[in-house]
Amino acid sequence: MVPFMELRKGSGFRVEAYEFNYKHVEFEMPGFTQRMSSRQLDTEIDWKAYMAEVEGVINGTYDYTQLQGDTGPLVYPAGFVYIFMGLYYVTGHGTDIRMAQHIFAVLYLATLLLVFLIYHQTCKVPPFVFFFMCCASYRVHSIFVLRLFNDPVAMALLFLSINLLLAQRWGWGCCCFSLAVSVKMNVLLFAPGLLFLLLTQFGLRGALPKLGICAVLQVLLGLPFLLENPIGYLSRSFDLGRQFLFRWTVNWRFLPETLFLHRAFHLALLATHLTLLLLFVLCRWHRTGESILSLLKDPSKRKVPPQPLTANHIVSTLFTSNFIGICFSRSLHYQFYVWYFHTLPYLLWATPARWLTHLLRLLVLGLIELSWNTYPSTSCSSAALHVCHAVILLQLWLGPQPFPKSIQHSKKAH
């Protein structure tokens with residue numbers, strides 16, 4: 001990484017530029033990162049493609065198979081289109097990228113606020129850890145303020161949804177969750193945890209209206225595109241079989257490319273993902289002494305009296321559900337780091353383990369950050385990432401039960 005330019009402006013910004021082998025330019029925080037070609041600092045990767053995709057919709061194209069940008073076809077749901085259409089107009093048809101980066105800087109601060117509100121209610125993570133969350137991740141700053149990806153938008157909506165769930169506003173929480181999915185479907189990794197919480201809180205009959213909110217919102221957002229070409233919209237925006245390029249993988253670099261691309265490998269990851277989710281549901285999340293099918297009953301008709309879901313119930317279930325999905329993803333690209341970056345402190349500190357000291361937890365965070373900052377990824381960086389994930393999974397499995405004592409007493413009495 002070789003510095004080739006330094007700019008000083010009267011506004012107090014100090015901007016350092018670096019040249020990378022993949023011909024993109026990055027600028028360090030603080031001072032917020034800017035974009036310049038001749039008069040602006042140019043660091044976008046997908047922004048122009050996003051703008052071309054939404055411009056197609058503005059021009060009257062509602063067939064998803066006909067919408068594409070410089071990097072390929074439009075592969076995100078309708079919520080993405082509406083949000084980035086708004087950015088298209090605010091930034092002068094996508095030309096004022098400095099304005100867009102200022103907007104994403106505000107989004108970054110708003111995301112931190114939403115995350116802090118969640119952590120404040122759980123009271124599990126030591127305060128000193130938040131310094132590393134705010135200041136130590138160059139990659140996350142880049143994803144938000146430099147690259148203008150849609151991943152931060154989806155995660156901001158997801159954290160808003162969790163805050164609403166913690167406030168017992170389940171309907172609004174499900175609405176925001178569906179909005180997050182409509183921006184990028186990686187949010188579906190939280191869905192198994194959300195489904196479990198809904199069934200625990202309301203039973204099947206009570207959960208159906210909340211699930212209906214999620215489904216109806218997806219239909220309403222996608223209606224213009226569904227009316228034009230329903231198969232095209234669903235196959236493009238929710239393409240579960242999408243093939244990823246080996247050159248961008250962060251987590252599977254140590255594998256041969258042929259194995260990375262093989263369908264049998266993808267099916268094995270999916271089977272492992274679902275198996276581990278089932279084990280956590282049966283052995284970690286649901287431990288009241290009743291059959292798992294009791295979740296389908298109305299809470300008042302269950303043998304074990306229902307207990308109110310605590311903040312740690314909700315956060316632990318959702319964050320663990322997402323983390324398991326990330327551990328067994330077919331590929332992780334660099335912008336995917338924000339899918340779980342802000343959840344890592346909770347996953348590491350929420351379940352006390354004597355063998356995992358504060359220093360070791362910080363070491364795990366540091367190795368994960370190093371793995372995500374290694375470009376291009378190497379066999380060692382990918383292996384280190386998997387080792388860190390394994391440590392977190394192990395302590396989530398072996399840690400104390402995330403249930404209040406009242407539930408345990410109820411179980412013994414029963």
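Using the three backbone atoms N, Cα and C, a Cβ is placed for every residue, glycine included.
No curator has checked TrEMBL annotations; they are predicted automatically.
Annotation source TrEMBL lists transmembrane segment at 74-91, 103-122, 177-199, 211-227, 264-283, 336-355.
Between the transmembrane segment (336-355) and the stretches 74-91, 177-199, 211-227, 264-283, Cβ pairs under 8 Å are most numerous for 177-199. Highest Cβ contact count with the transmembrane segment (264-283) among the listed stretches 74-91, 177-199, 211-227 falls to 177-199 (criterion: pairs under 8 Å). Sequence-distant contacts of the transmembrane segment (74-91) (same chain, at least 6 residues past either end, Cβ-Cβ under 8 Å): 50-51, 53-58, 64, 67-68, 97, 99-100, 103, 150, 153, 179, 181-185, 218, 221-222, 224-225, 233, 236-239, 242.
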